[in-house]
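If you look up TrEMBL, you'll see 12-32, 38-61, 82-103, 115-137, 146-166, 186-206 marked as transmembrane segment.
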């Protein structure tokens, strides 16, 4: 298990210089735009891209065929990928908190508020991963890449639809009041975290079933 996770981490380290330069650029851009939260959002994009690149590397080097010859169960291979998602989600949340905090301090913004917003945004990482991983296992990297792009447009479309549906209703007033209240924000974040855990758990079960049926 540990070896499988390290394999993926080493795979990401191959392009670590690119990621470091990208993160530095994001920090500078976030400072110029006077938007500390921008860094957190972009970290999510970078993470999603790195997950996709791992599957692409597995396909290019025929990793699944090689793994099938090892004394590893297919369930173990899938579990390692999901554990990597959890580890990286926590790591990126911590990294985002530090970078956002520094950027907010330099801009004389509310550090605690900006960190809370950025770290909260990282909750979407397990949700994205939970959707894209079984799709890639089922359809392959190329078709998975199409779904990956669609996922970035989906939240905007959903929010616009919800806005149109609840506009002018009591629900809109209640939601605005909830977002303006710190306890309300905590409730929303807690619900989002619960949803992300549920999505990842269901996704894991689906991925195990799909991967177990594959022949390499």
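A Cβ is built for glycine as well, from the same backbone N, Cα and C atoms used for every other residue.
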- Beyond the flanks of the transmembrane segment (115-137) by 6 or more, those residues with Cβ under 8 Å of it: 36-37, 39-41, 43-44, 47-48, 51-52, 55, 78, 81-82, 85-86, 88-89, 92-93, 96-97, 100-101, 104, 143-144, 147-148, 151, 155, 185, 189, 192-193, 195-197, 199-200, 202-204, 206-207, 210-211, 214
- Task: Using a Cβ cut-off of under 8 Å, list the residues of the same chain at least 6 residues beyond the transmembrane segment (146-166) that approach it.
- Result: 45, 48, 52, 124, 128, 131-132, 135, 139, 172, 175
